[in-house]
């Protein structure tokens with residue numbers, strides 16, 4: 001057909017235009033599974049509404065966690081093994097603590113390390129200047145001595161332990177400056193100091209037993225009081241390294257007198273405590289022995305201080 005005829009026919013008879021039909025894909029509602037899906041997709045469970053509960057107002061709440069009973073039922077073997085292992089560990093810890101306390105009083109040792117910086121400073125001042133101190137009584141609270149950090153007169157193990165370690169280090173320094181250092185010699189220095197301390201404690205305990213002294217002075221108290229002499233020994237050796245023998249003898253002499261006064265005033269209250277409480281005169285024969293014992297212990301401290309340090313200064 002001619003194009004002009006086609007145009008005329010189109011003008012005379014209007015034709016309906018066909019639009020392509022659009023097929024709408026149904027939107028799946030939350031919680032509805034895809035009919036073409038064989039298995040549930042658990043990886044996107046939270047996006048489909050399984051991981052949270054929705055309130056009527058649109059607020060979502062987190063999913064409830066499984067209860068311990070449900071967790072136990074899920075894996076009973078491992079949970080029973082874990083519970084059994086925890087029970088064994090607790091029983092073992094209790095048994096070890098009980099056996100350790102039988103030989104080493106851990107709970108009592110905690111008292112002797114209950115110190116702070118202020119106590120250490122005041123105690124060191126008391127060891128170097130005991131002449132300025134007036135009240136030497138140990139404070140008690142409900143028949144129990146207060147912690148050392150609250151009472152400068154209470155014995156502690158922190159200062160003696162640190163002083164002993166520092167003494168060994170200073171001895172190694174002194175031997176090194178004299179080209180005499182060796183691990184064996186340093187070990188001999190430490191073991192000899194520890195051996196003398198052990199002999200002191202045993203001798204005092206035996207003397208207290210022979211004199212039949214009823215005192216609250218314990219073995220740990222003796223170790224604490226006898227360990228304070230290492231502080232003066234450190235000062236003497238350091239002054240000897242800096243100023244020679246003159247500085248050594250001056251500082252060590254001062255520390256020897258100070259430790260003698262400190263031990264007399266401290267042990268006198270411990271050893272003669274029962275006699276003073278009973279009102280027994282100090283001039284009695286029994287109390288005279290106690291006074292001699294106190295003076296002997298105090299006099300032994302300067303002698304040991306010199307014996308353990310004189311060879312370190314040249």
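Even glycines carry a Cβ here, placed using N, Cα and C.
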Where Swiss-Prot places transmembrane segment among the ranges 136-156, 220-240: 220-240
Membrane_side_equal(residue 81, residue 290) from Swiss-Prot: yes
Segment assigned the feature transmembrane segment in Swiss-Prot (from 242-262, 263-283): 242-262
Seg_contact(the transmembrane segment (193-213), the transmembrane segment (242-262)) with at least 3 CB pairs under 8 angstroms, min sep 6: no
Residue distribution over DSSP helix, strand and coil in the topological domain 'Cytoplasmic' (214-219): 1 helix, 0 strand, 5 coil
Distal contacts, the transmembrane segment (157-177) - CB-CB under 8 A, six or more residues away: 109, 112-113, 115, 120, 123-124, 148, 185-186, 189-190, 193-194, 220, 223-224, 226-228, 230-231, 233-234, 237-238, 240-241, 312-313
